[in-house]
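So that you can see what the record holds, here are the features copied from TrEMBL:
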- A:47-65: transmembrane segment (TRANSMEM)
- A:72-91: transmembrane segment (TRANSMEM)
- A:126-150: transmembrane segment (TRANSMEM)
- A:157-175: transmembrane segment (TRANSMEM)
- A:205-235: transmembrane segment (TRANSMEM)
- A:256-274: transmembrane segment (TRANSMEM)
- A:294-317: transmembrane segment (TRANSMEM)
- A:329-350: transmembrane segment (TRANSMEM)
């Protein structure tokens, strides 16, 4: 078993591209005058930031699907829960600047004629607590859900279906006004984060850079996990679950750990997403969203980590372009993408590129040192 | 005995008073309309209704519709045909003299009109009108109609009209100040036998000065009715549950076949249902424009066509996409999801994003009343249809060679292949069968749901839950799963609300899967992994 060094060629490439984005986007937004060809307009910064958050979400899905064979069709739920935790903090920061001007109660509670803050809203005015909840809520859900599911060996499509049921149930729950989280409209009209106005250009740039940093750290974390012995066992579980179990590994512990870790990453992605798009509502829980995340990973290349990032950026950029230029055809394109990628590119774009690279370099090597193949086997 | 004699005397007295009032009452009351006073009009209505004159019903109806006219001290009414009639004589009044003004009405007069019409039509020769009138009297509880009511009860031949007439009399007697206690007790008994929400309202709002034994009896009767209503409500909920379960069964049964045989989740299954519904729409459009006479049979014509359309699309999908993904269930799931997006958008592009109108044939509209609940015919039709589809599929799987092959492949694909079954052909046919069943489910669902491109999306998660809960490889599992989920959903609804009930059910299924990861009716086998 070959152990990867943490900083292999792919990692260095991904990190330098992310670093370039973190430097280029703010400079192109700030320095060149508006109208210049190099200028990045203000509305593009949060859009790119949104893509970066999606990339982190895709990364979390790739970690469990690509390396442990767990296909979650409910990862949007962890993303949305992280987002709601951040949204609650941002709601509390509005303070008396809401439409109704109540210093404590958010507008929608006044609208529903509530008299006091529900218990679970307490503490969210303090950022460290909210940040803890961003991790704790999705993590706890994943831990409980995964513990039940993996312990009784719910695998394959059955697991996929019940994760879908989970996010569907959460969507129904969050649509209710009685849930105390804004119901249909969700949480919105945010004013400031940590004292900085959310709408400001500089805040948006800071959020973008933070998102890129989070993505880079998430990528490094995943790379470290899959490179470790723990990661090797995960791959073994993916390829032959029963055999791994017979070898004496507690498969469910491995699965549970990586599932929870993945949920944490998704929660962080959601928390960074909300201040940049300015709203979180129950439609984020929609099962269709979670399935879309899986296709990002599949397009980029399942089990490559870098592919997940690449796929998320590519598909979302395509979505933005399509829904503006040819709105009728977006679902055709997305549906076609699902079919095409699963049929013809099972390893995604990066996987296919990797194969091509491998083959050409083999040819190159073969031309340089024309030795018989049997020789190499020794 | 004293009581009985009292009743007899009272009845004789009442009848005597009524007949005494008959002579000339009509002619006496008529001029009062000309006074243009609401009080007089009110009094005149009462007198005319009690007069027994054959013209009285025309007069009161005309008054209600503003067709009762006065002019130069005489009263006329205009028939709906436009003919002017002298109300006193009933003669046509061709040459109109002077200006005619309609008699004005206010709310008080309108109430009097309703009550009067109620008592007048009580004696109509049309049973439906008598029934209607009896119901009106039951609601108005006008004491003045009592004599007419007694007369109507005495000559009523039809038992169901008679029941309503008697309960109307009971409603009046119950609140009548001078009714005898025994009459009131009988009234309580009658209302108790009627046993619906209205009777309950009457019994629980008894005037406080009623005799104590009547109040006690009414309390008992009200309790009895409450128990009866609670029972029927439970029955009704179970029926709603069976109805929802049949819908789930229809939507899920095709999925169970494809999932059972091929082991893949067909995310585009909901879209097959949608295609079936749109086929129904197309069939109805064609029938409307070309053969309007066939509309009653449109659903029956749509059934085979929907099966054909959906199963051909299904086989096409299987041959072009799914075939290449065997052994990779998760990828199949993604690919079929992509297909579902394409189908949805395709239908949206062709038919537009809005709901399309699918009509209901006359034989499916209306409702059947059983006890205190009413079952709509379209729901009954869907329940019957779902069970028929289930039975036919069961027979197909049990007695045809295709069914034998499908069962063999479901149980052990490699063994079936070794025995000479062409498994890939069976896969395609099973997929076609499952999709076709989804198509005919679409015909049924077009009757109770909106036919829009999103039709399938609404059913897909529920169908999965049914299949996962019931287990694959056995249609009985699907039946039990669908009915359990349907009934549990409807029984939870009154307590938890629709949304919370559904959430509770989803959580229950998630927990259930922990206990039985392969569903209720799992196939027994030795395979470590599927």
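The backbone N, Cα and C atoms fix where each Cβ goes, glycine too.
In TrEMBL, annotation is done automatically, which means it is predicted and not curated.
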| Surrounding residues of the transmembrane segment (A:294-317) on its own chain - C-beta under 8 Å, 6+ positions past either end | 10, 13-14, 50-51, 54-55, 57-59, 61-63, 65-67, 71, 73, 215, 219, 222-223, 226, 334, 337-338, 341-342, 345-352, 354
| query | Counting only pairs 6 or more apart in sequence, are there at least 3 Cβ pairs under 8 Å between the transmembrane segment (A:72-91) and the transmembrane segment (A:205-235)? | reply | no
| Can you say which of A:47-65, A:157-175, A:205-235, A:256-274, A:329-350 has the most Cβ pairs under 8 Å with the transmembrane segment (A:126-150)? | A:256-274
| note | Tertiary contacts of the transmembrane segment (A:256-274), defined by C-beta under 8 angstroms and 6+ residue spacing from its ends, are 49-50, 52-54, 56-57, 59-61, 63-64, 67-68, 70, 72, 75, 78-87, 90, 131, 134-135, 137-139, 141-143, 146-147, 150, 187, 190, 207, 210-211, 214, 218, 221-222, 225, 230, 234, 280, 284
